[in-house]
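Chemist: Below you'll find the structure I mean.
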Amino acid sequence: MAMGSGGAGSEQEDTVLFRRGTGQSDDSDIWDDTALIKAYDKAVASFKHALKNGDICETPDKPKGTARRKPAKKNKSQKKNATTPLKQWKVGDKCSAVWSEDGCIYPATITSIDFKRETCVVVYTGYGNREEQNLSDLLSPTCEVANSTEQNTQENESQVSTDDSEHSSRSLRSKAHSKSKAAPWTSFLPPPPPMPGSGLGPGKPGLKFNGPPPPPPLPPPPFLPCWMPPFPSGPPIIPPPPPISPDCLDDTDALGSMLISWYMSGYHTGYYMGFRQNKKEGKCSHTN
């Protein structure tokens with residue numbers, strides 16, 4: 001900071017504001033900043049005094065004329081629009097107006113004009129809604145046609161993307177369905193345990209998932225050796241999940257599929273733990 005006089009600067013240079021390690025306290029981070037505050041106040045006072053006497057000229061932080069360039073351009077555009085003559089609207093003219101509810105452009109017809117307030121009342125074609133609009137805000141009917149064409153193009157693009165995604169999802173479901181038919185239940189794995197309340201025992205045919213199953217149960221207790229079927233040396237083949245029908249596209253069916261996957265995950269986890277325990281008990285019986 002520039003100082004007003006040389007004497008003040010030399011006096012401040014001789015003043016020691018802070019020296020670490022000279023305090024009596026062991027904590028060197030706690031120190032008195034009174035001298036620093038006094039030096040700052042003194043420097044500010046001397047600068048203000050020199051500025052008041054005219055020794056120092058205050059220079060602005062920003063150059064003049066640079067901060068208002070953009071508003072100047074805006075004013076030019078406003079002047080240009082003001083110089084261009086507005087269209088002389090009449091009662092009964094067709095126009096396009098922006099509806100205040102959604103901000104979209106709709107075709108309308110002028111029903112009344114207030115030249116003093118430069119406003120008018122328009123009726124939207126095909127809707128019958130009335131709304132007051134400024135005469136300067138009215139658009140030609142061709143603007144509405146261009147806007148509707150652009151909206152139709154965007155809707156068509158979104159529809160095409162939606163159709164592509166649906167086609168890809170259906171193809172994936174058909175592939176999963178064909179794979180599930182090609183890989184039926186094998187003798188390496190027993191069928192999943194019955195659902196609560198179904199009345200079907202393990203190994204009985206006709207196990208179906210008619211509705212969303214309950215949350216996945218806890219892993220089953222340790223399996224008995226008599227319950228475990230013989231296992232081959234290779235790893236078991238895990239059956240695929242039940243195929244999802246193409247007509248089941250609501251959230252209820254998606255929730256049911258998720259709960260089924262949880263149920264199957266808990267079943268296979270308990271099945272693996274029982275297999276390990278059965279194998280461990282078999283080793284212990286051989287050693288004994």
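Including glycine, each Cβ sits where the backbone N, Cα and C put it.
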Chemist: Here are some residues: THR22, THR83, THR149. Which is flagged as phosphothreonine in Swiss-Prot?
Modeler: THR22
Chemist: Run through SER25, SER161 and tell me the one Swiss-Prot describes as phosphoserine.
Modeler: SER25
Chemist: Check the candidates SER28, SER169, SER198 against Swiss-Prot and report the one noted as phosphoserine.
Modeler: SER28
Chemist: Give the three-state DSSP assignment (helix, strand or coil) for LYS48 (SUMO2 cross-link).
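Modeler: DSSP assigns LYS48 (SUMO2 cross-link) to helix.
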